[in-house]
């Protein structure tokens, strides 16, 4: 009896550890750090196990552990409740299958008979340690993985169900095989159930195989799209840099040429050549050397906006900007240019499709508060733009595969600064609001 009680306690603690590790290593769930959440429930389960072994039978240990182990996903693990429960349904039989392999391996090494080995608690504990060893190896593999951008496993409800069905099918097959190996008899009805389990598991494996092929295909398409996206970012970065450098060069040129014209004007005054003096004054007045267009007050943003606004004016599109943006702000200049240029360009593209020139007006305004920038853009459009439940707009360009990167870039910057973006479309007026 004493050995049975010790076995029940050790098995309970061992399974508890394995389930926790499986949640963290395989499914990337976060384990709560409060020690009381682990110690108190585990102690209660161990006490109940001891009472059951002492008063009833040790054969109830595994069943009780299965039922009472539900406190692990409910109390000890962070996350969405249904994901935790479905993961538990996968972990428990999954661990059991690996332990069956370990137990069978121990029997083969020792050369013992199956029915005798099942009654040996020490042999069962050693065999049941295989899944723990596998999980510990996975921990070390994860620690050796220095890729900080490693994707966290995120399964859909359908994926959970398919995996659960496959694992339960395997468990039924192995349970039947183990029953035969220990000399148990199977009725005709039992044989039918076992055959159904085998067929069911086979179907699940076929579904998983097809699913894997589809997933790999999607991954390749995603990789291809990501390469296009990276190239787009590189080109956009070079483009914005070229605009900024060009604006800086023009500003320097205007500054220097003004100084040179002032000197020439002084020489003209000395020789009192009225025609030359008037000619120089006309150059100053009509060349725009003394006027640099300012929209936001931010040199970098004004450079990018200047190029866009000039191009828009050629298509009879008016861009009205209200509000200032300081040069020193908690957002990198490139990120700010990425957001503003993409949203304004989208508005310009929408305005180009309008027939009435009076509707080709884009209104933009910005506000700065506590080192945060909020700006909104409003433009008329022809038709409506689809906005999905995730507050994302669908590109209206025909080549959808190679477009839509501008919107993705905007969202990337917004996420980088923990900001927000909101789209709305009502009565052929499209509005975009961004906070970064």
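Each Cβ is built from the backbone N, Cα and C atoms, and glycine gets one as well.
Note that TrEMBL annotation is computational and uncurated.
Feature annotations, reproduced from TrEMBL:
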type     : residues : note
DOMAIN   : 332-436  : domain 'Sensor histidine kinase NatK-like C-terminal'
TRANSMEM : 6-25     : transmembrane segment
TRANSMEM : 37-54    : transmembrane segment
TRANSMEM : 60-81    : transmembrane segment
TRANSMEM : 88-110   : transmembrane segment
TRANSMEM : 122-141  : transmembrane segment
TRANSMEM : 161-181  : transmembrane segment
TRANSMEM : 193-214  : transmembrane segment
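Secondary structure by DSSP for the domain 'Sensor histidine kinase NatK-like C-terminal' (332-436): 38 helix, 34 strand, 33 coil. Across 6-25, 60-81, 122-141, 161-181, stretch 60-81 shows the highest tally of CB pairs under 8 A with the transmembrane segment (37-54).
Long-range neighbours of the transmembrane segment (60-81) within the same chain, counting only residues 6 or more positions beyond its ends whose Cβ lies under 8 Å from a Cβ of the stretch, are 7-8, 11-12, 15-16, 19-20, 23, 29-32, 37-38, 41, 45, 48-49, 52-53, 87-88, 92. If one looks beyond the transmembrane segment (193-214) by at least 6 residues along the same chain, the residues whose Cβ comes under 8 Å of a Cβ in the stretch are 159, 162-163, 165-166, 169-170, 172-173, 176, 186. Sequence-distant neighbours of the transmembrane segment (88-110) (same chain, 6+ residues past either end, Cβ-Cβ under 8 Å): 15, 18-19, 22-23, 26-27, 66, 69-70, 72-73, 117, 123-124, 126-131, 134, 160, 163-164, 167-168, 170-171, 174, 178.
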